[in-house]
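**Student:** Please find one structure pasted underneath; my questions will follow.
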Amino acid sequence: MDVLVHASPPNSPKSHLYSPSALKTKNNIEKIDQEQQKPHQDSSSISQSPVITMSNDSISVQEDQKARTNKRYIFLLVINYSFLFVGSLSSSLLSKFYFNHQGSSRWVSTWVQSAGFPLLLFPIYLPFYVFKCTDRRPFSLFTPKLLILSIFIGLMLGLNNLLFSWGNSYLPVSTSSLLLSSQLVFNLILSVIIVKQKITFQNFNCVILLTLSSVLLALGSSHDKSQGLTRAKYFIGFLSTIGAGLLFALYLPVMEKIYRRIYCYEMVVEMQLVMEIAATALATMGMASAGGFSEMKRESQVRFDKGARVYWVTVFANVVTWQLCFMGTAGMVFLTSSLTGGICMTALLAMNVLGGVVVYGDEFGGVKVVSTVLCGWGFCSYVYGLYLKMKEEKEMENKNHGMEMAHNAVAPNNV
């Protein structure tokens, strides 16, 4: 009897794992077609699915990369959150370092956020051409529709980068970091609309607490302006940061909806490469209108008060850390969900706040203390909610398994 457990569609990136002998029977083909027609499950609801066994061929196939019992899933999750942690903290501090030492080009700050896309060529091409550890050729399943979507989202990401740079050039790093947490309420709303995210007490409570922390910060941080910063420029930075948060809130659920059609992490990296190229093209056009790369050279020699060498080290470090941040974000959305990814990013804002206080001496008064506490409280409540959900699912699974074993034990006696 043929058995098929949680198989990926035949046109998925894992299709090379099926041998011709395993797919030759009509019964197998019909079952795979039926599996293809089923909607792709959200990562939070994917159950254990370690092995696929087909017909008499006894073909064992690799686990689904989103299956939580899969060791590769845990490895990818840890790696991507590490990327997100290091990238988020380092990029925020380095961006502020650039502006604190007389760097003035917002287009340069925007350009470095996506210009690290060549780094993605290594994980895309090395496994196939150098290490020979995969049979999947890079971009072999990259359709024209996926290409257009990636370019469009990349342009949207480029605009988001510009708004972030504009806000970060005016606001203290701690203020801008906490303001970005306001994207969560919009993330929840858009996730409900776009990917049908269920609203639970835990995620709703988390969003409310994190949003409240942003409101408190906005009401109490107007005195936190840098020297020489006018009230008008302060509010321009404030609104730009809020706009960046709104765009990012839209970006996350849109990417989750697209990732539901993707069956391997490799395609996530390929999409990220195309998006970063589009965002870099937008930033490069902006730089060209402001003087191009000759402006960077003049800025390093004349304006930047730490010297040309420190300037280029700062630019290169920004390129690397921003790439870690965006790749970590994409991986978290693929492996979990847009809302979980957004909440994990918001939890790191507390570290950005502490980093701004320690490195740059940003003021850390009562309002920021309360905002940071609310941020941590909201994140902990969400994590606890996920723990309860996983525990309930595990208990239900054990209960069903026990009932199945009891039924199997009673059945022979009835016969």
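All positions are counted from 1 along the displayed chain.
Just so it is clear, glycine is given a Cβ too, placed from its N, Cα and C backbone atoms.
For reference, TrEMBL lists these features for the protein:
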{"type": "REGION", "residues": "1-49", "note": "region 'Disordered'"}
{"type": "COMPBIAS", "residues": "27-41", "note": "compositional bias 'Basic and acidic residues'"}
{"type": "TRANSMEM", "residues": "73-95", "note": "transmembrane segment"}
{"type": "TRANSMEM", "residues": "115-134", "note": "transmembrane segment"}
{"type": "TRANSMEM", "residues": "146-166", "note": "transmembrane segment"}
{"type": "TRANSMEM", "residues": "178-195", "note": "transmembrane segment"}
{"type": "TRANSMEM", "residues": "204-222", "note": "transmembrane segment"}
{"type": "TRANSMEM", "residues": "234-252", "note": "transmembrane segment"}
{"type": "TRANSMEM", "residues": "273-290", "note": "transmembrane segment"}
{"type": "TRANSMEM", "residues": "310-335", "note": "transmembrane segment"}
{"type": "TRANSMEM", "residues": "342-361", "note": "transmembrane segment"}
{"type": "TRANSMEM", "residues": "367-387", "note": "transmembrane segment"}
**Student:** Go through the chain and flag residues at least 6 beyond the ends of the transmembrane segment (234-252) whose CB is under 8 A from any CB in it; none is fine as an answer.
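**Tutor:** Long-range Cβ neighbours of the transmembrane segment (234-252): 153, 156-157, 159-160, 163-164, 166-171, 176, 179-184, 186-187, 190-191, 218, 222, 225, 329, 333, 338-339, 341-342.
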**Student:** Quick test of the contact rule: Cβ under 8 Å, at least six residues beyond the ends. What residues does that give for the transmembrane segment (342-361)?
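**Tutor:** Apart from its flanks, the transmembrane segment (342-361) reaches 81, 84-85, 88-89, 92-93, 96, 100, 172-174, 177-178, 180-181, 183-184, 187, 203, 206, 210, 248-249, 252, 329, 332, 336, 368, 371-372, 375-376, 378-379, 382.
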**Student:** Please check if the transmembrane segment (178-195) comes into contact with the transmembrane segment (115-134), where contact means 3 or more CB pairs closer than 8 Å and the residues in each pair are separated by 6 or more positions.
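**Tutor:** With fewer than 3 qualifying Cβ pairs, these stretches do not touch.
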**Student:** Run the contact check on the transmembrane segment (115-134) against the transmembrane segment (273-290): 3 or more C-beta pairs under 8 Å, excluding pairs closer than 6 in sequence.
**Tutor:** yes
**Student:** Counting only CB pairs under 8 A, let me know which of 146-166, 273-290, 310-335, 367-387 has the most with the transmembrane segment (73-95).
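**Tutor:** The stretch I would name here is 310-335.
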**Student:** Near the transmembrane segment (146-166), which same-chain residues lie under 8 Å Cβ to Cβ, leaving out any that are not at least 6 residues past its ends?
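**Tutor:** Answer is 95, 106-107, 109-110, 113-114, 176, 236-237, 240-241, 243-244, 247-248, 250-251, 254-255, 258, 271, 274-283, 286, 326.
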